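According to TrEMBL, the features are:
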- 121-415: domain 'NADH:quinone oxidoreductase/Mrp antiporter transmembrane' (DOMAIN)
- 6-26: transmembrane segment (TRANSMEM)
- 33-54: transmembrane segment (TRANSMEM)
- 74-95: transmembrane segment (TRANSMEM)
- 104-121: transmembrane segment (TRANSMEM)
- 127-144: transmembrane segment (TRANSMEM)
- 156-179: transmembrane segment (TRANSMEM)
- 199-224: transmembrane segment (TRANSMEM)
- 236-257: transmembrane segment (TRANSMEM)
- 269-287: transmembrane segment (TRANSMEM)
- 364-385: transmembrane segment (TRANSMEM)
- 405-425: transmembrane segment (TRANSMEM)
- 446-466: transmembrane segment (TRANSMEM)
Amino acid sequence: MAGLELLFPEFLLAATALLLPGTYLLHRNAQLCGRLAVATLAVALGATWVQWFGSDAAVSATYFGHLEIDLFSQLFKFAFLAIALGSGIVSLAYLGDLPHRPEFFTLLLTATLGMLIVASASDLLTLFIGLELAAFSSYALVAFQKHDDGSTEAGAKYLLIGAFSSALTLYGISLLYGLTGTLEIAAIAAHDWDGGLTGVLFVAILFIIGGLGFKVAAVPFHAWAPDVYQGAPTPVTAFLAAGSKAMGFVALLRIFVTALGPALAEWQLLLAIIAVLTMTVGNLAALRQQDIGRMLAYSSVAQAGYIIAAFPVMTELALGGAIFHTLVHAVMKGGAFVIVAAVGMAGLGYTVESYRGLAQRSPLLALTLTVCLLALVGIPPFGGFFSKFWLFYGIFQASMAGQQWLLWLVIAGVLNSALSLFYYLRVIRNIYTENPQGDARPFGGHTRYIAFAVLLMLALLIPVQYDSILGLCREAAASLL
């Protein structure tokens, strides 16, 4: 076992989460607690960056037999910490001086810690514990505005459906344990699946898909997403749409690509069908939405379908494209919800019509939101174009190599991407071609900083860097196969 320095981000988040309530009791300063949490996330993010790029040798270590630090885990640890940091910065302005501010940031830190555990888990029990740590913290974050009926209702729905999904996941894991006699992901991958009991394996797969399908809002497990995204505090919605969804995909990759990759025939067609249903239902539902939070929620459902489409292919290029698109979606969707939070804090509302004339009120916010939406569609030269291109090209390449039926996944993905353009353009049209409702006064100064922060995040995915990012994602995918 290597030194514990690679677990510094996890220890730092856990320690700060434990200390925040005591800090508030000593100083009675809610602002201090929020800034301390944000500083902690920034330090953890910097430490992960140094660990990742500070050495010429590839990072690889195993801890306690349950955590494995490799390129894949480091990539997603960095992503989760960046998402949490962005959500924390926005929350500082969003929460103001609410008395329960320390509890909010404690929950944000523990949810992020759960995500880091999922990224590094080398066995199914550790992975499940990480999922639940993130989930329980997220339930409380969604219902944090206890005097807001929408927030409490969303929290209750999220808790009930989340508990059910956790039960499904745990039962599926228990069946896998009964079949293989182990919870270690590598040992499950080495199991001989030609020895019968494939019926029980298929049942286990169904339960796991049902449980993790909730985490990524895949059809038919997506019904919670619009209500929760609409009712939760907007910074929490950004955190869920970016971080929680990415965490679900990490769990799916660990289980289906690594652990159950040798049993591909048992789940390949099932996930392909779910992928097409998810992207189609999500886009069709988004077309009808007037609330921008619900529209972005259904958009997230559709994006999940694109990513799941790579799973039945099981090639380095397709899975690398899926990982790339997961990261692009996290940044762009998180950025879009940050702008939604800024517009809401300015008192303009949360409907699509609220964005009429946004370019006249705040050109920087308008530009940032436009970049996010066009990237989610996959319009060049934005990051979403490159991630979708390599995702679909990887599937196409596999179809030409012998699995011709996979071609319909590419066709469905391209058609659905074109369909999504209609509801995104509706927002962009309101931003630039409509006159603002009421006085076209500029936004307050804090929104400029929010927009600048989001633009800075987007700069990490500029086209000139896509090749190196794709290379990292392909290496991460190769480590799973």
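Going from the start of the chain as shown, residues are counted 1 onward.
Glycine is no exception: its Cβ is also placed from the backbone N, Cα and C atoms.
Looking at 6-26, 33-54, 74-95, 199-224, 364-385, the range that has the most CB pairs within less than 8 A of the transmembrane segment (156-179) turns out to be 199-224. The list of residues near the transmembrane segment (6-26) in space but at least 6 beyond its ends in sequence, with Cβ under 8 angstroms from a Cβ of it, reads 32-33, 36-37, 40-41, 43-45, 47-48, 51, 59, 61, 63, 67, 69, 77, 81, 102-103, 105-106, 109-110, 112-113, 116-117. Long-range contacts of the transmembrane segment (74-95) within its own chain (CB-CB distance under 8 A, at least 6 residues past either end) are made by residues 9, 31, 34-35, 37-38, 41-42, 44-45, 48-49, 51-52, 59, 101, 104-105, 108-109, 111-112, 115-116, 119-120, 233-236, 238-239, 242-243, 246-247, 250, 323, 327, 330-331, 334-335, 338, 341, 345, 446, 450, 453-454, 457, 472-473, 476.
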